[in-house]
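The structure appears right after this line, and notes come after that.
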Amino acid sequence: MANVVVVGAQWGDEGKGKIVDWLSERADVIARFQGGHNAGHTLVIDGEVYKLHALPSGVVRGGKLSVIGNGVVLDPWHLVKEIATIRDQGVEITPETLMIAENTPLILPFHGELDRARENQNSVAKIGTTGRGIGPAYEDKVGRRVIRVADLADAATLELRVDRALVHHNALRSGLGLDPIDRDALLVSLREIAPQILPFAAPVWKVLNEKRKAGKRILFEGAQGALLDIDFGTYPFVTSSNVIAGQAATGVGIGPGAIDYVLGIVKAYTTRVGEGPFPTELDDADGERLGTRGHEFGTTTGRKRRCGWFDAALLRQTCATSGINGIALTKLDVLDGFETLKICVGYDLDGTRLDYLPTAADQQARCTPIYEEMPGWSESTEGARSWADLPANAIKYVRRVEELIDCPVAMVSTSPEREDTILVTDPFAD
């Protein structure tokens, strides 16, 4: 049985939630392998809108096992609230349908405070974080002072972990002008939340390996996008974890040989939230039109997204670093009505043509896009479910994208509704 990794191939917000939900019917297990609740998924199922941040997209599908892997950083208080919200919408969530890796790091209140304090004081070069503590939690994980889910089960261990973390954080807070952390209040909060988290705790690595040996199909769900990867993204304007497909293995505790297909999710244009380079960004009427038609506001923050033309040069990079086998092209319908469309095929850097975005931030800032123009289409593609439903110029656009990124289109999405999807290649096909 094939196991599939789904990754965002741009700067996030590509429509992964819909595609993961669409694929989840073919999967037995849906496992999230990185990120925190700073990334949001919006699912529309039978007219019901579900907004997920920490929970895997598979929770809204009955009879599936959803997993939060060790590569995720988890805010336990947020998770409890999100579970309650989704339950109120009629979704059953139990330890039989949701498992959390015992070695998953926890985001604590002081992580968010530190995140916001740094961002507020860094007036010269803001990163554009959501202020939810994701980065500081990952720092603690690497610094070997993070509190993990399993630590909630033993009072003595929990106290030791808290004391170790506070030695570091109180010194750091002093330099930022923040009050020391109230140790006793923190311990009380953790002891109160523990009974609501521990029933979901499990040795996820063991469960997933057993599922794989039993021939179950596993869908690995990433958050954000490959251009926000801590190593291969537009550093330092990136997230604090690896986002590329290779993280799926380490983020849940399964070998890389378990990955059979990597599906990259790609908008038919480009968007970005927050700071950082964006070569094809549009500050004109076309950019406004893309944002309005595409409803480009963040699920988590409500922040307006920056919009621009499709960047094939960047997509070639992410296809390489994630080993993408095929892409799901989303929001094709947003391009309806444009007389002319542009695709970035490379960059001009001080008179030299490049077919990739350089690593150095100063060079990224000096890159100007080299465009190829294509005719648009006046017909509507919204709701199309087969190639026959698409205008000729829309098909030409999709085919040109394939040629430029050297990767086939496996799926095309033409509306937020899950059924409005053109399937070219089933990623789960054996």
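Heads up, the Cβ atoms here are built off N, Cα and C, so glycines get one too.
Look at Swiss-Prot and you will find D13 tagged as active site, proton acceptor. The active site, proton donor annotation in Swiss-Prot covers H41, and the record cites sequence analysis as its basis. Annotation comment: Swiss-Prot describes 12-18, 40-42, R305, 331-333, 413-415 as GTP binding site, evidence class sequence analysis. Taken from Swiss-Prot, the feature IMP binding site covers D13, E14, G15, K16, N38, A39, G40, H41, T130, R144, Q224, T239, R303. Positions annotated as Mg(2+) binding site by Swiss-Prot: D13, G40. Taken from Swiss-Prot, the feature substrate binding site applies to T299, T300, T301, G302, R303, K304, R305.
Feature map: annotations from Swiss-Prot on the structure.
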residue	record	DSSP class
D13	active site, proton acceptor	coil
K18	GTP binding site	helix
N38	IMP binding site	coil
Q224	IMP binding site	coil
R303	IMP binding site	coil
L332	GTP binding site	helix
I'd like the number of other C-beta atoms within 10 A of the C-beta of T42 (GTP binding site), please. 16
Would you mind sorting out which of N38, R303, R305 (the binding-site residues) have a C-alpha within 10 A of the one on G15 (GTP binding site)? none
Counting only other Cβ atoms and using a 10 Å cut-off, which of the recorded positions D13, K18, K304 scores lowest? K304
Expressed to the nearest Å, what is the distance separating T130 (IMP binding site) and K304 (substrate binding site) at their Cα atoms? 13
Quick check for the class: what is the C-alpha distance, in angstrom and rounded, between G40 (IMP binding site) and D13 (active site, proton acceptor)? 8
Out of N38, H41, R303, L332, T414, give those recorded positions positioned within 10 angstroms of D13 (active site, proton acceptor), comparing C-alpha atoms, in sequence order. H41
Count the Cβ atoms, other than its own, that fall within 10 Å of the Cβ of G15 (GTP binding site), considering every protein chain shown. 20
Here the Cα-Cα span from G12 (GTP binding site) to Q224 (IMP binding site), rounded to a whole number of angstrom, reaches 4
